[in-house]
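Per Swiss-Prot, these features apply:
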type	residues	note
DOMAIN	43-231	domain 'BPL/LPL catalytic'
BINDING	ARG88, GLY89, GLY90, ASP91, ILE92, THR93, TYR94, HIS95, ALA160, MET161, GLY162, GLY173, PHE174, ALA175	substrate binding site
SITE	LYS157	site 'Lowers pKa of active site Cys'
ACT_SITE	CYS191	active site, acyl-thioester intermediate
Amino acid sequence: MNKEVEVRNLGIKDYKETWDYQENIFKETVDLKIKNRREGTEIPTRNYFLFVEHPHVYTLGKSGDAENLLISEKELKAKNATFYKINRGGDITYHGPGQIVGYPILDLDNFFTDIHKYLRLLEEAVILTLSEYGLKSERSPGETGVWLDVGTPFARKICAMGVRASRWVTMHGFALNVNADLGYFDNIIPCGIKGKAVTSLNVELGQKEINLEEVQEKLLKHFQELFQAELKYQ
């Protein structure tokens, strides 16, 4: 089993361009697994962890409701935002500057074949990262992602998640609000969940801006420990 994970920082990149990039890696990995099974070979698959910041964009998962986008195409353009229907799980979410967006493209045959465990460990990596900033975050029953003050009228989401998997290969991932402009969430019903607020790390800490690279380093440390991975930086 290959537990090496190649970490790639893509910088600020258009959503569609990044999605295509993910799809190419995903397809190569799935195709190699099919070839190995068909030909009886054991060529190792590779694992990747992509990090990116997107320009303002809304994405709707395959089980989502387009009615959860609350603005018109004209209003989208006025806000310099785009909209895509995509092939991950979940409903609608927002990506933009000030978020850490992570796309692990892993062959879970290299780790464990359990999608539920995969999602819970991704959540745990975020929870442990936020705890380093003194924030107590947690899961909300039946709602994937990471939240604060669950079970109270003040419950708010700080990290959204939505993934796709085929033949135990994953793509898509999570978006952690660090310095994000939360006003963009007013244009959607985030994750299709009415009456729940969103927040970001800088708002919770009362700081103007938090270093994204520092947060990413902490997150990768916890990911490495939880997945027992070997990180390789590109």
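Cβ atoms here come from the backbone N, Cα and C positions, even for glycine.
For GLY90 (substrate binding site), other Cβ atoms within 10 Å of its Cβ number 22.
Looking only at the domain 'BPL/LPL catalytic' (43-231), the predicted model's pLDDT averages out at 94.
The 10 Å shell around the Cβ of LYS157 (site 'Lowers pKa of active site Cys') contains 24 further Cβ atoms across the protein chains shown. Spacing of ILE92 (substrate binding site) relative to LYS157 (site 'Lowers pKa of active site Cys') is 13 Å (Cα to Cα, whole number). The CA atom of TYR94 (substrate binding site) is located 12 Å away from the CA atom of LYS157 (site 'Lowers pKa of active site Cys').
Take the CB of ILE92 (substrate binding site) and look out to 10 A: across all protein chains shown you find 25 other CB atoms.
Here the CA atom of GLY90 (substrate binding site) lies 14 Å from the CA atom of LYS157 (site 'Lowers pKa of active site Cys'). Taking every pair among ARG88, GLY89, GLY90, ASP91, ILE92, THR93, TYR94, HIS95, ALA160, MET161, GLY162, GLY173, PHE174, ALA175, the residues listed as contacting substrate, the largest Cα to Cα separation comes to 16 Å.
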